[in-house]
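In what follows, a structure is listed as structure tokens, so that the remarks can point back to it.
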Amino acid sequence: MILTIDIGNSNIDLAYFNGNKIVSHYEFETKKFSTSYEYALIIEWTLKREKLQEKDILGVALSSVVPSLTSAFIDAIKYLFGKPPFVVEPGIKTGISIETENPKEVGADLICNVVAITEEYGHCGIAVDFGTATTFSVVEKKKFLGAAIAPGVGTSAFALFEKTAKLPQVDIKAPESSLGKNTISAIQAGIVYGFAGLVDGILERQIKELKYKPVLVSTGGWAKRIVPYTKYLKEKDIDPYLTLKGLYYLYLKNL
């Protein structure tokens, strides 16, 4: 059994792999001031839920975009399993050529996503990750060509609430019409249909710059709320575990 842990800005995803299949998945809120002891307790709790012991885990893979938590998790994993995890960081084997100005600054989540695309979906693809940020990662012929990064759906909605005096926080869902008849439906229309337009606009530009027709795969917590209203993305191509799959494949490449 392989344990994979993906630390994001909003959530921490944890999955157990048996072979190349996810047998269980857990999601926790990211708390940036928690200690390694607290995270060790969380991991230990998932082990008990799965009726597993530490000796059943052959390896642990860690991806993080929150530097302050990376060391806490490394210490927690060392404490539980007696050895450090594999960490997605510059210098690891990816099987992908990073064609950017500074490969070392490419986020671990973007690397995981393009590796998963290459391993599971084909030689050319775009991963759209609807997280705290909305990212568009492009891979073609095992080359990471670049990315686009936009604010996340929830991030934008919260900023609208925080920076305005009279606009309320709303449940982010698509209203019946883009013509909002009240403040709540107007905000919902702006966020949902606005992000759908943002996604289509970026994808249209990226697709034109590629030599081959890309596979389009979406992931992230906001995907199900936005994808149905886009032109390019399909609900059937939402892969909620894309980043974790990429992390698993990276672990195997670095054994």
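Backbone N, Cα and C atoms are what each Cβ position is placed from, and that goes for glycine too.
According to Swiss-Prot, the active site, proton acceptor annotation covers Asp109. Within the same chain, residues at least six positions away from Asp109 (active site, proton acceptor) with a Cβ under 8 Å of its Cβ are Asp6, Gly8, Ser63, Val65, Asp129, Gly131, Thr135, Thr243. In the three-state DSSP classification, Asp109 (active site, proton acceptor) falls within a helix.
Here Swiss-Prot flags Asp6, Ile7, Gly8, Asn9, Ser10, Asn11, Ile12, Asp13, Thr132 as ATP binding site, drawing on sequence analysis. With a 10 A radius on its CB, Asp6 (ATP binding site) counts 24 other CB atoms from all the protein chains.
For Gly107, Ala108, Asp109, Leu110, Thr183, the entry in Swiss-Prot reads substrate binding site. Counting only same-chain residues at least 6 apart in sequence, those with a Cβ under 8 Å from the Cβ of Ala108 (substrate binding site) are Ser63, Ser64, Val65, Val88, Glu89.
Asp129 (K(+) binding site) counts 28 other C-beta atoms within 10 Å of its own C-beta, drawing on all protein chains shown. Annotation comment: Swiss-Prot describes Asp129 as K(+) binding site, evidence class sequence analysis.
On the backbone, the CA of Gly107 (substrate binding site) and the CA of Thr132 (ATP binding site) stand 13 Å apart. Take Asp6, Ile7, Gly8, Asn9, Ser10, Asn11, Ile12, Asp13, Thr132, the residues named in the record as contacts for ATP: the widest Cα to Cα gap among them comes to 14 Å.
Each residue contributes its Cα atom, and for Ser10 (ATP binding site) and Leu110 (substrate binding site) those atoms are 16 Å apart.
Residues Gly107, Ala108, Asp109, Leu110, Thr183 are the ones the record ties to substrate, and the longest Cα gap between any two of them is 38 Å.
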